[in-house]
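Remarks on the structure that follows.
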Amino acid sequence: MKTLLINPVLNKEIKLRLRSLKSFLGILFYLVALGIVAIGFIYITMMNSQAGYIRPEESRMMFMVLSMVQLGLIMFMTPGLTAGVISGERERQTLNMLLTTEQSSTSIILSKLISSVAFLFLMISASLPLYSIVFLYGGVSPGVLLATFGIYVITIITIGSIGILFSTLLKKTIVAMIATYGVALFLTAGTGFITLFFMSAFFYGNTTNIAPYFMIMTNPAFVLMTVFEPNIQEEFFTRTGIELPFWITFGASFIIIAAASLWISITKLRPNMKPSRRGRKKDA
């Protein structure tokens, strides 16, 4: 297990990613964007408030806005960081050299994933001081903050695994990136649209339908909203007849998707080296 997580591939990837000026500029602009959202929200709220201060309800709304913006940035950045890790090696003609090393396919895939998502983990960790602004005004519990960052971690790992899957299966980085963005878009906007269609078309009176539950449970934005507004979850329990919390089904489904994506990537990374029948006849 130690060789899977501590190896030359991982060391090289992390050094190349974290030593570059672009990485630190990316973190800087990321925090500036979140800071503008937070300060802008505080300014607008205080300008429109007759009391001249921010109430806990407004602080809670600011937390929701910050969290949704950060989730959107995660969904936007993760495919770009992971969809080219294998196809990029193939385009630079260095993949064959990498495969001839003593590193196993599992070690290579996990090293690529860890080095890619480590940068995202650094970014969301750097945003923690911004959330301290919310705690100054109250309205948000530490449990909600932990649940929010837990959803971030699961989403990053799963979308990153999907990106590595397409990077392994597809030869071109741009095609792998488009495919990963397509899946990320389907998991957010696509599942939301289909769920709204089911609810408007098949819900009438006191009828129940389980289809919307299984469709929306893979939507990270919706699951994040259920953390903020438990009443939304209760409404779905009533409409679908399923009373299993969304964070459980979301976590389980995303872990399965991530594990399946990594397994396929590992099995498809190295070409089939079995000799052909013609080659065996010649040897005979």
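Glycine too: its Cβ is placed from the backbone N, Cα and C atoms.
Under the heading transmembrane segment, TrEMBL lists 21-44, 64-88, 109-137, 143-166, 178-204, 244-266.
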> Among 64-88, 109-137, 143-166, 178-204, 244-266, which stretch has the most Cβ pairs under 8 Å to the transmembrane segment (21-44)?
Replying inline: 109-137
> Sequence-remote contacts (6 or more beyond its ends) of the transmembrane segment (109-137), Cβ cut-off under 8 Å?
Replying inline: 4-5, 7, 9-10, 13-14, 17-18, 23, 26-27, 30-31, 34-35, 38, 42, 54-56, 58-60, 62-63, 66, 70, 74, 77-78, 81-82, 85-86, 103, 145, 149, 152-153, 156-157, 160-161, 163-164, 168, 262, 265-266, 269
> Where else in the chain does the transmembrane segment (143-166) make close Cβ contacts, counting only residues six or more beyond its ends and a cut-off under 8 Å?
Replying inline: 63, 67, 70-71, 74-75, 78-79, 81-83, 85-86, 109, 112-113, 116-117, 120-121, 124, 131, 175-177, 179-180, 183-184, 187, 220, 223-224, 227-228, 247, 250-251, 254-255, 257-259, 261-262, 264-265
